[in-house]
């Protein structure tokens, strides 16, 4: 996966020990890393006639969701200013990452995306329970 | 002492290959002196005796027959003679067939070799055939048999080998020492002796174990995980298993850190060794003395193999809020190991529910909350509930929690009770009221609530009579008593009452002629619907009478007829007949659109009702026809006749018939003047005894309107029945004058109020509808006295036919 290079906590303890901001930053980085590949992927599968329409729309939906999620996280964490800094660097890395992503096969792409989205979900949940423990935590 | 030698005995003769044979004998006692033995033989049945050719080759006390002397197809008779100085002794003869004494020597050079190939152990056995002196014997073919057994065992396993001189034994136990022997046989001869024993040790070697398989890997809380494998077949030796794994992106292979915690054939990865979002490559190796074997690799990412434990602490609470139905709250806790608080693992719950005796579970997805409110449970029933959970993302459902029983308390709400009590009280009150009403008011109440339906007064046709087909009875049933009129009928009331003068005029003439035909003509003219009804004929009268008689027949026809018939003789028959006739009349009316024949007859159709005494059947017809054509009056006549529920079957058939004919001819006419045809003066079929009503025989208009009634002997009775003459059906009789003259009430508009029977009602209606009332007083006179002064009435004057009123 193109995001394999990113150092991400591999377990609960690691994730819990990371300070909040860093975790948030990590989440955003991940989300950012997928923005390009996702849109590229969507373009790519549009030409696939074998896929049912549901898949195409689902893929688009997911891309949108990722984008919205990123925006949401940014907003909720109030990291707009940070993201400006981070953007520059992440964009740079994002470009290289994207090129890497283009090389992947479709199944690998999906596999990597599934994993990374799971990562993001888990980190977000940890964040949530850290910030607002009363809410079903 | 010395004696002659003992008898030798031939012990054995044997051939090795069927070409030569030898015989051996055993010497008897030698008698103390040197003994020599001589063998003599003969072939088959030949006489010639030969001596043994060779005493040496086969050893002492033997004789060897060489090829030259051996003939396979002959039987040898062999004897041995022992001789010493004193004497000799011969053995018993021995018959020898060479073919049957062939027994080869045992095979030789048995060699055994144990080999293992592809983990199969087998034994190679080789041998050589028994040696023979002649080289040519090599061409002989022997059959071989091999037997072997483990050294310690007793039982041999014998294997038939065939003509081979080697054999491969496969089913051998490892590590066992076997002993092997072999023997042979020549053609059909005997088996040789077993060869000498040979021993062989089977090597002990097992096989390498079979490939194990990794069955599943699970993580109960997304922090550790365990993998289980299933061993292959052991291969006879204790096998050792090792689990090896490597992580995605790493080359290094590690061994399972913990084989014990999770049980046999398992590997437990604790927190330190568990990494998420990395794929593990796991294999299991089985090793034994003979070798080892590796399972297929199993790739697993711990994130996706989470299967939690079932939820715990399942508790129930019954909540009873005010103004609402009580409900149950089910709460539970996530499994203890799952770290839900940190958000690392998020669980979703699902519960299932069924009544204790139920078959199917109802599954309810609850989501991430740890409680559930149940509203829709039946009180009094027992339920079983179970919960399980799964991670909100990839993963699998846990096992169901242990069964939890819920007993719903039966809850009788006060409100329900009150409602039922009130309902019960009210209904009991109502019942009480009803019963009291019944008791006290009894019939009247019932009558008030359910007014009885009055039956028609017309005596209908007795269907039974119809079926039987007796005309007389029929006619009588129809109410035409005495139709044709008999003498008795004379007493019957006059059929119809002439009401109108003018009309009478029209009618009267016709009356004179006692022919129904004429009468028939009269029919259409008179509008007097009422005329002549008078007595029994008049529906009002009839009704009244019938009322009085309390003989309200329930049924139209049958009863009436029967009644009528029954009452033939009695006075009471009047009543019944009245009823019957009424009913019949009404019956007719029914047929026509008119409600009752009476009214129809009396309709102000200005059609002279022609009454004739006919059998009721005829009358029926008449009424029918007339009504159809709007000529009710004609019907009246019939009605009259009907009215005379002529119970008497004593009719004059002739008369009847005549009248019938008339009727028939006139049926199409509006008014059929049914005239009672009594030319012979027979009384009309009226049975005076039967009728309540007195029919007006005729109206005399000359002096004062007089109605001639046919009344029964009790003329007095007739008073009531007279129908007010005014064109209406009935007229009340005011007085009865002498000579049996009835003076009718001037107010002819009789409302038939007498009994207010329905027919009467109808009649009254008709009266009202009808023409102006005519103050008529009718003279009711015995027909005999009141002659047929029809006074122009339309009505047929039955009296004209009736010689007399009785």
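From the backbone N, Cα and C atoms, a Cβ is placed for every residue, glycine too.
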Which range of B:393-416, B:417-440, B:441-464 is transmembrane segment, per TrEMBL: B:417-440
Range among B:627-646, B:647-666, B:667-686 that TrEMBL annotates as region 'Disordered': B:667-686
Among ranges B:229-283, B:284-338, B:504-558, whichever one TrEMBL labels region 'Disordered': B:504-558
Integer average pLDDT (0 to 100) for the domain 'Fibronectin type-III' (B:310-411): 85
